[in-house]
């Protein structure tokens, strides 16, 4: 009998944390949900009960009927939230937790899963000004551009289900429609409603609208957006949108399993899950459901997770499901960013900025403005105490020690017209989160760029001539970390030694669609962005008839990935890159595909590997 906490899922777990909050300590890059915290924050009275037998077998159906009778006989009242009849055999129910042990002893019950509460870091946000569509920069390196232009494959006729926060159904990239004739969004459902929080009763609405998070809209754009210069991987695919979380950015396993069953009922060919919970196990209910989808011939693509700094065994559930394709994140050759132009030294650098336009309202005035290094009363450039001589200047301050708000207020009092923060760690900065209504623009650059500026400002000839101009739109930059695994991408293997992740795809600083209320377009990072890229490529292969079974599809993807190398030329660990970066053109044009997606060695005794012994390997292949 398994009696396990039913974890809540959060997009934060799969969206790399690039927001800088308060500036008091280095960003962690991930959202951590330790098991002891789960146990202390259990949501009472909600359980998923799994019955004996397969859901579509006579034994399984009988167990489901027996459960109702046994609960009545035991005198245990309950309310059903969801019935599961295709992927797993069970129910999500509300009961008094005092009855849980009695329920666990019923003959029809095989496992019980308890609902657990986790927290969500809500600091930061997204720009609230309107952005214009731009081309996706990832397509050239992954061969998608050639597939579109030469092979004319765009995903037409393939159904892709997206289980996420919904979609801005009025976005031009998706046709401003829902389930109407000719609309590409033909399927979907809202399972929870915008006000849903774990433990509450779902209150779904008539349409799966992305009310506030933007996560689902961003994912959908990567898969199938189509708006002028912006084109997703499979822009002619048909979409099914299954909204599994509200504005709180949280969902639960029982909702996830229900969404997977709906996607199966709607005959989705490919199902994308950019949601998960840290360090999962294949036995968990959501992993079982994902595995069942693969067994029924549906391709399930899952984000690996953003706990790469935690080392090995940090794969998410359901990414650990053995047959599913779990996807890690890599760096693209180029990316978009806001920018700052500097006269001395003459340079153009990427920058982060405050997440809301109301805190960036003086951008238009920051043209050829003098830059000055801050010196506070403590003699540092931290700006945590009173500063002076900033009138009409932008102050350069180092991140750390005190909140950004404190630094900005001190500069504001000194007459500064802006604040430029440079990072105190070697890590990208995406946003600068403020809690106070600051009336000067606040933006940031990476540590290496800040050090260069600081050096220029301490040189007598440059101190008075260094001026900056801040750009209010995106500009394109070359990525010095191009084609490497992103620092946040989770590591395998699974707890039982399974080879995960399976593939990698662009997932850092990806430009895609956002709801109109969040600007229409924007940048996000995470394996949440990598998984939909592979989902789109899978649709291109299906359209081309590349795989008659899941096995041939999976093999075509794995065999043709581009291996990731380290700076010293050695290959990066398979435990973080899998089969390498997905390459659509190579996958579609390969003439021979090995059906063996992984090979296993043999061990003698507990740990001793067969060294000089002969190891026979059988390889199956298919010719096209």
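Counting begins at 1 with the first residue displayed.
Glycine too: its Cβ is placed from the backbone N, Cα and C atoms.
Copied over from TrEMBL, here are the features:
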type: ACT_SITE; residues: 164; note: active site, charge relay system
type: ACT_SITE; residues: 215; note: active site, charge relay system
type: ACT_SITE; residues: 528; note: active site, charge relay system
type: DOMAIN; residues: 155-561; note: domain 'Peptidase S8/S53'
type: DOMAIN; residues: 380-453; note: domain 'PA'
type: SIGNAL; residues: 1-23; note: signal peptide
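Take the CB of residue 215 (active site, charge relay system) and look out to 10 A: across all protein chains shown you find 26 other CB atoms.
Across the domain 'Peptidase S8/S53' (155-561), the prediction's mean pLDDT works out to 88. The two recorded residues, residue 164 (active site, charge relay system) and residue 215 (active site, charge relay system), show a Cα separation of 7 Å.
DSSP assignment over the domain 'PA' (380-453) gives 17 helix, 18 strand, 39 coil. Packing around residue 164 (active site, charge relay system) is summarised by its Cβ count: 29 other Cβ atoms lie within 10 angstroms of its Cβ, all protein chains included. For the recorded site, residue 528 (active site, charge relay system), the DSSP three-state label reads helix. Secondary structure at residue 215 (active site, charge relay system), as computed by DSSP, is helix. Taking the Cα atom of each, residue 528 (active site, charge relay system) and residue 215 (active site, charge relay system) are about 9 angstrom apart. Secondary structure from DSSP puts residue 164 (active site, charge relay system) in a beta strand.
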